[in-house]
């Protein structure tokens, strides 16, 4: 009896030891990977507050000894990019004035299109939907020359309005896809009942569809905002200098390292460019991930 | 069953102008987006296709030149480097980010504490642009300031890590950074897949005495096989379109060693005034995407039909 109990104890102890080591391995691995993911972020954040002299002395990857905000001020308003010394502020605002309208317009169009393609289908609407979807897969390169021509004709070269147009047209297929797939899940009976009560197209849209839409609208807005903010190709091709969005300006800034590279200012500039999407990610992470997985699997 | 079908019996008694107007409203609403998408997808593609067959150089020109641009493209050494890089990058990038992503997903799936925190850490690179990632990593790879300097400073004085200044190895810097940026994405998709596996299936395997490793290998991973394919297809798409990452990280260099198709298109169209050949390269990019996506889409549609048929 006692022997058997001892054997069970031994076995339990072995099992718990195994459990401890497997937990240790799991957390150990996760910690190593987390370090690899976080170190680049820490490096930039630290360097944006360190003195350039200190960076030159202690190296780029090092804990900070000093703390100052001057690099941020310089990156924002006085640092020189390709001969103009106004920092990143113009480019940051360009990105903002490009991203906000383009996000709102493409999301609204996507919502209305998705509503038509799910609740007001007509002959051929499925085919049209499939054709619109092709826009999701098109590489931007194939549209560069045509866009350059169209923007030139419209007088929108080197302008934020031109980029808004490009991003809205390119974004419609994504936003329509997101909204249509979400609205398909709203029961048709709801719409039928409203129609029998005499509600028309727009009334149903505003009174029934819109109140049910916040989850998908948040996903779509986050997807569009981060996508357009982070876009580089169209920005660098269709605008130059002071009219460039922040991604293009960042490349110009880090390329124009004439003498010693000022890592302090460049780090602050990089963070200014990364902050809006990062903040959205931190506060709307759930919706961000939902957009990613939906966009991917559908 | 759509709502529109139902509108006929309701409207029959008195088909007033209002009803008729009502039935064209949806089409009117859709029309501008449709027109824009149509122009974007078909007219623009056709336009670039035509440019690729034209004698355009510094400015678009519409004299027909047949396949001259394609011939000159495929005999160009730089294009050769570009698509070789694309193959190399695609292979390592897809396998690397899927392996890391799967490992992270499985680790997180072991009922770890603070799951949300781990996930947030592994996914944040996806929120920032390739430009930001590429810029910061170009500093880390910089032999004078970055990782090499750090390790040498710690006392290992002949440690060498200078991928981006070595033309034979710069492509691996692009691969490492690409994997770093997007393995979180693979993790998110794999984790969603792992969570959708029927728990009874897993329990049954455990009751049969299968070890954890065996359960994953024989039961869980096979059921999420379609996710592997989805992740691979999305990553190939990213790879074919790779532009920003290289533009910020190596600018195609040293020399031309990290040229990618997308870099080549940009360079020919806007730096060298070879619009015709640039357009030909853009058409090749589209063709590469089609080779991957058309069979995959057909397979997805076929699978859905098969599932609908069984259910």
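The backbone N, Cα and C atoms fix where each Cβ goes, and this holds for glycine too.
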* **Which range of B:170-194, B:245-269 is transmembrane segment, per TrEMBL** => B:170-194
* Structure fact -> Near the transmembrane segment (B:86-108) in space but 6 or more residues beyond its ends, with Cβ under 8 Å, are 115, 118-119, 122, 171-172, 174-175, 178-179, 182-187, 189-191, 193-194, 216, 228, 231-232, 235-236, 238-240, 242, 260-261, 288
* **Tertiary contacts of the transmembrane segment (B:170-194), as residues 6+ beyond its ends and Cβ separation under 8 Å** => 85, 88-89, 92-93, 96-98, 100-102, 104-106, 108-109, 119, 122-126, 130, 133-134, 137, 141, 163-164, 220, 224, 227, 230-231, 234-235, 238-239, 242, 245-246, 249-250, 253-254, 257-258
* Structure fact -> Other same-chain positions with a Cβ less than 8 Å from the transmembrane segment (B:120-140) and lying at least 6 residues past its termini are 104, 146-147, 164, 173, 176-177, 180-185, 187-188, 244-250
